[in-house]
């Protein structure tokens, strides 16, 4: 036997043994990992049968090895028959391993020679024996009896599982017998058939067992399901199916079978859609309140609703194209026909694969297939459709395949285009994406494709594959784009939002005119100047029309002629209008200069402007104001109106009718009026007006003395000086509107949140005070209504009884999650309130210690009135006293008999009489109540135990003691009034028979009362701080607060909307293994150690839950069950799939509880109000009806894209996923299976979309397997992953959940309320919601300060921000998870995300864009929340923010943003802009403002203009300084962006706590973090728009406690932050040296403090927020590692993390060098010209094209300004400003370069020449130093000049370096590249040292490290965490 066979054999058998030992689940593997059947290759077409056979062999291995051997041999023969040549992937290994098992291990267990001729007899005998051994005949009967008893127990569950296992094994044995035996005895055949009928779970099904007889799953017994199934049956009029068409024996043929036959849909796809349609119909039927009938019938209303909802997009498509739908009259279509059309549509959709992203293409397919089906329906016998057959096989039944003949041709061309995008690197304009293909079907031209497809059409033309280094796109090589071209340019911002820019430009012009004419504002001159707005408007509109023409380049050949005509007509119109109106205005101005003019031209100009403006205003009203839409639509019949509407607004299939009702319009109109009023007031009074005077004076100045050789500044009115003054003001003018929007929206959001009652319950104290209101609030908000015919007391008790099971389940979940202790759980649990005690019982945490306090009050008070008054001050003390009083009576009367009971009753009667007579204080000695309590406590302590003789004696003794105390110490009243009774009792006492008869409390209710009463007497401490855990508190506070919010009333579970939860997963952590948990990092810290220290209370709770001592360590856990629980405990505190699955499965648990209680209440009728049973939730998770109802309403699909590959490679993720399926029976896993199938001697790769669940053995059970046309990943991975699996979701809604999210049981209770928001009856505007926004809680906020910053930032956005976006702005989008989609709306309109490569990198938000464009409505709801994990380390955060910013950069280029910007009304457009791409543009502009300001100051300082102006005292009043400070103040006012966070704190935490939280954040240096994030967003947003490069960043979701190396931080932030910060510092230093001589330090500080803060934050934030960033030992190690990295030479295969050279080369390729988007140097003319060049040459990578290199060169020239200016400031040149000095400076620079080259010369040379080289280098150094000394002595050169020269030459060198990188090919050809690289290394080394030195200096002082640790982990400190222990860990070097 070969070594490979031997290895495989060992692996297989080890796995089998581990499986049988049950150990698989506890290791990293999960259940059954390593089992032989797990490795059945998917390429074996019939692997389901082989799976089942090997499973049975697995189970029977120990019982009968011979049978196991027979089964394995049969499995081998099946595999051999399926793939004789072992061509499929993994088949050979599988066969080899299987044969090895058969030959070696299994065979050895049989004695002697194996006689295979007896195998059939052995099988038959074993079959009978196995049946007898397992009592098969009684198994089902036993279970039936258990179910009929109505008691759902674990025992019943165990028996059910056992029965399923037995029958599954029997079915396999029966199948094998039938396949291997020629004849089977008749009686055995009958038994096998009978057993097979009972093997229900061996037939795979998802939710509804439509193809299997099932008794354990009761979903098919629900009337709505039966009605839906019956409605799909074959109806009269359908052509007959062929006799040989396979129909399962368990059901009759239906209309989906008919469609399956004629169109060739896949069997599993049909089964999938059959269940899908049945569930849609059943859920709609359930909401109609139809009385239950014996034979339920599907209501026509249900059919019509589902039909209209599903085919609404198709109907609209037909209306848009003006074509007749597939039916002539909708009203005349029968219900059966509607169901037939509905089924056909979903079958098309279910098998469309990637074409699902093309919704209108699906409409086209559906349209033609319905027509084709109509022809078939006219025939008697069904025949296959020709469109689904190959041309050469038409007329026969062979080769009918919808996938191969309808979808595959489309897929192939889409795939070819996707492949041509060069993995996202090709320009978007060079290939067709999903939107291009879909929009082709928005035109009647699409009908040229014919039916069946005319594949010769140009639409199906595939592009010629792009060569690797092909930079040309080749216009003739591919078909053009459709309707829109995504050119990579910043001009998209103007193109998409031109109305905003025109508005801002015209307002600035108007304000400037008013400011310059403020003394004569009402004059004719001012009026003429204001009328200059006319030419401004038309010229800007003309520029927009020019962009229309340019941006469509690349799509003209495929765009509708009408759309192209519109573009050119608008271009001609605005060109003529611009010329004409500008000409008129020019003539009007000329008239003004002529005193004799009669102003004819001016009047004509005014008339033209008035007419033009009037028409524009009229159409603005007509097109934008909601109330005018109907009028506009009615006017469409007038050609003139239709023409003008067409000219004004382009018409697409999407984007029509995006208007809101008038009341909503007025609300967001008023909002923006407030914002704009504040913005323009600020701009006028604080920016524009102060600069008017200085500007006029500067313009008038002449003969300004320049300190340099002036080239451009003379005789141009000092334009550069004016520009330097106004440029920052203009930049701030463009961005400050976002700040004002932020402020106004924050205050409005605060008010809206207060109105919605958010934050009312924000503490435990509030929970205590308001708890008695919770049951009523719960019943009103979250419970179905009950009868109101009750008095106040009855209602309170009924509400408490219904509230209790839900509250208790919440508390139990908190305990299961280890947030509370067992003791806290007991205190928090609420009694059932459904027993004999006629009062409301509250949880013990409200009543604890109240009895003891009441006792003290009774003892201290002097009268009954005082006692009552003091006790009633505390409601819960009053409730405690009442409960003890009545409960004690009940317990004693139930426990005692005869005389004892009489004694109790007598005492209570006397107490009642005393209370009535107000003599309680006189009749009883209340100061001795403590004696009574002591005796009663002793008695209850005995009674709560089980009955024993000793306990009985003790109880009697305690009663006797109590009797003595009452008789001797308590009673004061006269007993003569009841002399006979007391005399009788005294006699009984004397005779010793008073307490001899005890009835021990055995009734569960009575035992619970005894225990509760005992607790009330014994709990002495207040429970005011219960629970102690902060997370438990937060959850209870939010849940109880939400009960008082405005929540839609829920429907009962059977009538609620159904929904799915959908989670995409790739390869992240599923469940931490013990190896991962205990693995230590370089600091000696393991994940488990970290978690134990971060969550110490939860760790102790966990140990208590598994029965371990609280001081136990992980090494003490020997039990495998405990180890598995430990893995889950740790995983539930990370961002793992296990945490997400647990959270989402709470939905099912909540639905089961709600359904269970509702069904019990429904069955018991009126007893629901007072019965003891109806609110008892015990066993709800085992109820078949509750389970079935929950499964009908809830589905959870996790789409694990590469699960099949992970299983094949035996990855731990696969085993962990299998374990999750085993623990969660309703969990479904969808994945893509890649199968290598041999055909005709070749191997073909096929892709399948599969859905699996766990079977009864915990293994994967395949439910559906749907073949795909090819690799489904054509676009972005995540949306493609979602798309392939969305066919397996069910219901009316789908909630998208990421795999780092969490959910809570108490929030799951509200889901049915949230789904009711979809009901049109809920007022959400003119349209019902299509996406429901849900609040998120970031659960990672407590890990570190960075995590808390992200948490607070996220919270302010997902609460305040989205609250205002949804209402009143009506522009909320989908920002990711966990929004709830109207599922049918979205799956019929392209899905829940978009997937085109790169352009849809932020796939989530495009779902919101798509929904809005298709007349959807997106709302936001804050009464429900979902947990969310965020990145917790700076590098993770930076990558995440870079991904989001890059995604927004791509959004700028997208057609969705363009259409929303064009088609939304003006105010919604502004809301949309400033909350999406505008936010990032304003962020970038904020940074650019710093550069604009500083370069302006640099010009004034170096040119000498600043000194001249000061000397002439133009600005003596400091007006310009004030204006500059206002500009700077606005930049600093960026702190105003913290206002939303502060207001959010105040709303939800209270004012004082908000101040504390915000102050804490400041001490934690949050401002530095947010400033650093500003740079991150700016860099990635700008880079993406200009150069692309956006990609999905796997940021990592682990716990960040490890130190990040200096070099790693340098690599990550060098180009994005450090270079820019160094440039800012250089500008600040030069300005300090040359521009601030007389202004003083105060002026300099005021002007530059924020710039210094920006630069320092960008340089040092990565090290401030780096764990152990200032530990000396770490710093030393970092320096060594950095220098090694810096000087290690690169080479082939060397990565950037290993060598500076490799990294530098990668950076040049990845992005231009340095960053390219400093607007202050990209003058508008250069920007426009070069951007247009870029559009037309369509570069692949900016740095590789001629245009890119020229732009790069122009940008780099800005660094030469430093040398040019500083040269003329040297003492050496005196007052000489000739150009010669500048030339000499270049000569000096050249000498420095020569010296640098001499010192960096390092070629491989001989030893002798090495000596010569060293001599030359030394001589050069001495000569250079001597030259400098001579120059200082003999000339005017000073030492200061030397340092100034260095300051000048540093940016010059950087400019040369940047230009050299841009022209890299040329530099390489001339042999200078190594020198350039050496220069670059010098700059990086210098920059690194400048950053490193302060870090090293700080690390000298230990307190700095301590401060940093405290700063980063403050929240952990506040919870008692010794973080220094974590950081030091057990590292032996930690003491260094």
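Just so it is clear, glycine is given a Cβ too, placed from its N, Cα and C backbone atoms.
Model, not experiment: these values are computed from the prediction.
Checked against TrEMBL, the range among 477-496, 497-516, 517-536 recorded as transmembrane segment is 497-516. Under 8 Å from some Cβ of the transmembrane segment (665-686) lie the Cβ atoms of residues 507-508, 511, 514-515, 625-626, 659, 733, 736-737, 740-741, 743-745, 748, 1367-1371, 1465, 1467-1468, 1470-1471, 1523, 1526, 1530, all in the same chain and six or more residues away from its ends. Confidence over the domain '1,3-beta-glucan synthase component FKS1-like' (336-454), given as mean pLDDT on the 0 to 100 scale, stands at 89. Per-class residue totals from DSSP over the domain '1,3-beta-glucan synthase component FKS1-like' (336-454), listed helix then strand then coil: 84 helix, 1 strand, 34 coil.
By the Cβ criterion (distance under 8 Å, sequence gap of 6 or more), the transmembrane segment (1779-1799) is not counted as touching the transmembrane segment (1554-1574), fewer than 3 such pairs being found. Listed by sequence, the residues of this chain that lie at least six past the ends of the transmembrane segment (1641-1665) yet keep a Cβ under 8 A from its Cβ atoms are 1345-1346, 1434-1435, 1487, 1490, 1493-1494, 1497, 1521, 1524-1525, 1528, 1531-1532, 1565, 1567-1569, 1571-1572, 1574-1575, 1604, 1606, 1609, 1612-1613, 1617-1618, 1620-1622, 1624-1625, 1627-1628, 1631-1632, 1891, 1894-1895, 1908, 1911-1912. Long-range Cβ contacts of the transmembrane segment (1840-1861) within its own chain (Cβ-Cβ under 8 Å, at least 6 residues beyond either end) map to 1623, 1626, 1629-1630, 1633, 1708, 1713-1714, 1743, 1752-1753, 1755-1763, 1765-1767, 1769-1772, 1785, 1788-1789, 1792, 1828, 1832, 1867, 1872, 1876, 1879-1880, 1883. Sequence-distant contacts of the transmembrane segment (497-516), counting only residues of its own chain at least 6 positions beyond either end whose CB sits under 8 Å from a CB of the stretch, comprise 526, 529-530, 532-533, 536-537, 540-541, 544, 547, 680, 683-684, 688-689, 692, 696, 730, 733-734, 737, 1461, 1466, 1469-1470, 1473, 1478. A Cβ distance under 8 Å defines the sequence-distant neighbours of the transmembrane segment (1882-1903), meaning residues of its chain 6+ beyond its ends; these are 1606, 1610, 1614, 1618-1619, 1622, 1659-1660, 1663, 1669-1672, 1674-1675, 1679, 1682, 1686, 1700, 1704, 1796, 1853-1854, 1857. Residues of the same chain lying 6 or more positions beyond the ends of the transmembrane segment (1554-1574) and with a Cβ under 8 Å from any Cβ of it are 1345-1346, 1348-1349, 1352-1353, 1434, 1437-1438, 1441, 1483, 1486-1487, 1534-1535, 1537-1538, 1541-1542, 1545-1546, 1617, 1653-1654, 1657-1658, 1660-1662, 1664-1665, 1911-1912, 1914.
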